[in-house]
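**Q** My questions will all concern the structure given below.
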Amino acid sequence: MAATAREDGVRNLAQGPRGCEHYDRACLLKAPCCDKLYTCRLCHDTNEDHQLDRFKVKEVQCINCEKLQHAQQTCEDCSTLFGEYYCSICHLFDKDKRQYHCESCGICRIGPKEDFFHCLKCNLCLTTNLRGKHKCIENVSRQNCPICLEDIHTSRVVAHVLPCGHLLHRTCYEEMLKEGYRCPLCMHSALDMTRYWRQLDTEVAQTPMPSEYQNVTVDILCNDCNGRSTVQFHILGMKCKLCDSYNTAQAGGRRVPVDQQ
């Protein structure tokens, strides 16, 4: 028979690490939706057919003395510290990871706070080194990750900002780079490809096309600068004349000089 959430919590306390796989805490949340006890909202959502609203949590149960009480950081009976960090808005209990509550995001973020700023247009907290250096897309954090199709805004996984402005979970971004280099939404290069383009320049120069293709040109569309240009066809890649990127797509048929038709 499966262990209850309370039994799981007590067992975790006895074994050392408290809480669940998601959070280190010494209390259980009483779900306002179904009155069941769970270590966290994620554990609840995995086991139920509805979601726990973190903002509506009113009560917690101490996993040490089992006292059911008003949500707070320390047990009113046995003084057990429920979490090194506690947010009275999100009802988040966890180890101290220098978290902070962002009023604009509406939830807690892992800090430190001074290393982040809230971009009002993207509607997301970003690292300060991206201030004025990222492409804004309105409410981009409210879109699901195009790789896993899961939520980004409230995810515990860090978001990665692509040069095009779109967001991916950092873990999804790392997996994507194993298969390709382009944003799955707009096909813009997801990282600086300059070094690879220079290598491709060398390969193209060292790989002449057969004589029947040497004067063939094609119209191309660049996925990086969105420019159009007409270039010589090459099987290894066709380089944008405007930004030198090889992240291009053929935009029309091949053109053969009249004297070769």
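From the backbone N, Cα and C atoms, a Cβ is placed for every residue, glycine too.
Sharing the record's features from Swiss-Prot:
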ZN_FING   13-80  zinc finger
BINDING   Cys20, His22, Cys40, Cys43  Zn(2+) 1 binding site
BINDING   Cys33, Cys34, His44, His50  Zn(2+) 2 binding site
BINDING   Cys62, Cys65, Cys75, Cys78  Zn(2+) 3 binding site
ZN_FING   82-144  zinc finger
BINDING   Cys87, Cys90, His101, Cys108  Zn(2+) 4 binding site
BINDING   Cys102, Cys105, His118, Cys125  Zn(2+) 5 binding site
BINDING   Cys119, Cys122, His134, Cys136  Zn(2+) 6 binding site
ZN_FING   145-189  zinc finger
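Could you place these features in context, so I can see how deep they sit and what lies close by?
**A** The Cβ of His22 (Zn(2+) 1 binding site) has Thr39, Cys40, Leu42, Cys43, Arg156 as same-chain neighbours under 8 Å, each 6 or more residues away in sequence.
Secondary structure from DSSP puts Cys34 (Zn(2+) 2 binding site) in coil.
Classification of Cys78 (Zn(2+) 3 binding site) by DSSP places it in coil, neither helical nor stranded.
Cys108 (Zn(2+) 4 binding site) carries a strand DSSP state (E or B).
Neighbour list (Cys125 (Zn(2+) 5 binding site), Cβ cut-off 8 Å, at least 6 residues apart, same chain): Cys102, Ser104, Cys105, Arg109, Phe116, Phe117, His118, Cys119.
There are 22 other Cβ atoms within 10 Å of the Cβ belonging to Cys122 (Zn(2+) 6 binding site).
Beyond its flanks by at least six residues, the zinc finger (145-189) meets 22, 42, 105, 107, 110, 122-124, 126, 130, 134-137, 223-224, 245, 247, 249 of its own chain at Cβ-Cβ distances under 8 Å.
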**Q** Output, ordered by sequence, the same-chain residues six or more apart from Cys90 (Zn(2+) 4 binding site) with a CB under 8 Å from its CB, or 'none'.
**A** Arg54, Phe55, His101, Ile107, Cys108
**Q** If you measure Cys20 (Zn(2+) 1 binding site) to Cys75 (Zn(2+) 3 binding site) at Cα, how many Å is it?
**A** 19
**Q** Could you say which of the binding-site residues Cys33, Cys62, Cys136 has its Cβ with the most other Cβ atoms inside 10 Å?
**A** Cys62
